[in-house]
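Among the features that TrEMBL reports, compositional bias 'Polar residues' is placed at 304-325. Here TrEMBL flags 326-350 as compositional bias 'Basic and acidic residues'. Marked as region 'Disordered' by TrEMBL: 303-350. Summarising the annotation, TrEMBL assigns transmembrane segment to 6-27, 48-65, 71-96, 108-128, 148-168, 175-196, 216-233, 240-264, 276-296.
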Amino acid sequence: MVFSKDNMTGIILALLSSVFIGASFIIKKKGLRRAAVVSGVRAGVGGYSYLLEPLWWIGMITMIVGEIANFVAYAFAPAVLVTPLGALSIIVSAVLAQIILKEKLHPLGILGCVLCIIGSVVIVVHAPQEHPISSVKEIWYMATQKAFLLYMGSVIVLVFILVFYFAPQCGHSNVLVFTGICSLMGSLSVMSVKALGTSLKLTVEGKNQLIYPETWAFMFIVAVCVVTQMNYLNKALDTFNTAVVSPIYYVMFTTLTIVASVIMFKDWDGQNIGSITSEICGFIVVLSGTILLHVTKDVERSSSFRGNYTPSSPSLSTRLCNSNGESHKHEEEHESYSEEADSRRQDLQV
């Protein structure tokens, strides 16, 4: 398949974004460990000594660079191509964790990495070409079509129902509430980010789009959606185990983003059924690999916990359906203390 210049640029930026973001997790974690050794207080229990640790700031800068690359990638390539490639950051962090942090990667985790790579290759090979856009007004016209207005209206109604009805009642006992809110808002934020990124790209090329109110409208929508998305993602991570939140959020967010992009930007128009089917299959393979990676992390943590304590840790499905994850939070706390002790021993040896 022949890639257009824009598509190739978008793919390269998305891959670089995954590398930077994946590496940033490891660098920041290394910085947190060093800060905990020096101060004796972990960030998880209220310590802020990591703010004085240069390594943590290097990790933060690396993450910012990755996010900027991801933002620019949306200006060059379709969201159905850029968004699924974000799963590659999990592979980068998993591999670097084994090399730098000496965290053992489960054999099934390796299989998950392979599945993510295979699925990503399938998506890239069969990805649609980016449609040329000459003005932000053209994007605004796409955003105000009946089909996308129906999608956007449905998202807003669902978010309001989740926020004002379900969140007070079962937000702290059902992981789908908080992750549903941030996934729904995330799909709108990506559409706005793509619109804003394209506007800035055209402006840099000499076609000033900042004079149009539509550009500023998209910027406002990005701000509202991102703030809401991050707020409820933090609530989900604070309430439930990360191994539960991460795969569910990735599946919901990526699926909704692809649906929104197909409706708004007509990404699949002009593609044959074979290419569309291949993209969907590639996406499913990436999802499978992502879930497998997170589940194997959960299994390793549970095994370690059961090796030190008699009560067994609840399964992923049990915590998803029947509990608020509190018991597993105790497990994570125990793991953090054990990890801190190990890191102290390693640093003292160095």
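For all residues, glycine too, the Cβ spot is worked out from N, Cα and C.
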Which one, 48-65, 71-96, 276-296, has the most C-beta pairs under 8 Å toward the transmembrane segment (175-196)?
71-96
In the same chain, who gets a Cβ under 8 Å from the transmembrane segment (276-296) while lying at least 6 residues past its ends?
80, 84, 87, 90-91, 94, 106, 108-109, 111-123, 125-127, 243, 246-247, 250-251, 254, 258, 268, 316
Outside the transmembrane segment (71-96), six or more residues from its ends: residues with CB under 8 Å to it:
6-7, 9-11, 13-15, 17-19, 21-23, 25-26, 105, 109, 113, 116-117, 119-120, 123-124, 127-130, 190-191, 193-194, 197-198, 200-201, 250, 253-254, 257-258, 260-262, 265, 267-268, 279, 282-283, 286, 289-290, 293
Beyond the flanks of the transmembrane segment (48-65) by 6 or more, those residues with Cβ under 8 Å of it:
20-21, 23-32, 34-36, 38-39, 41
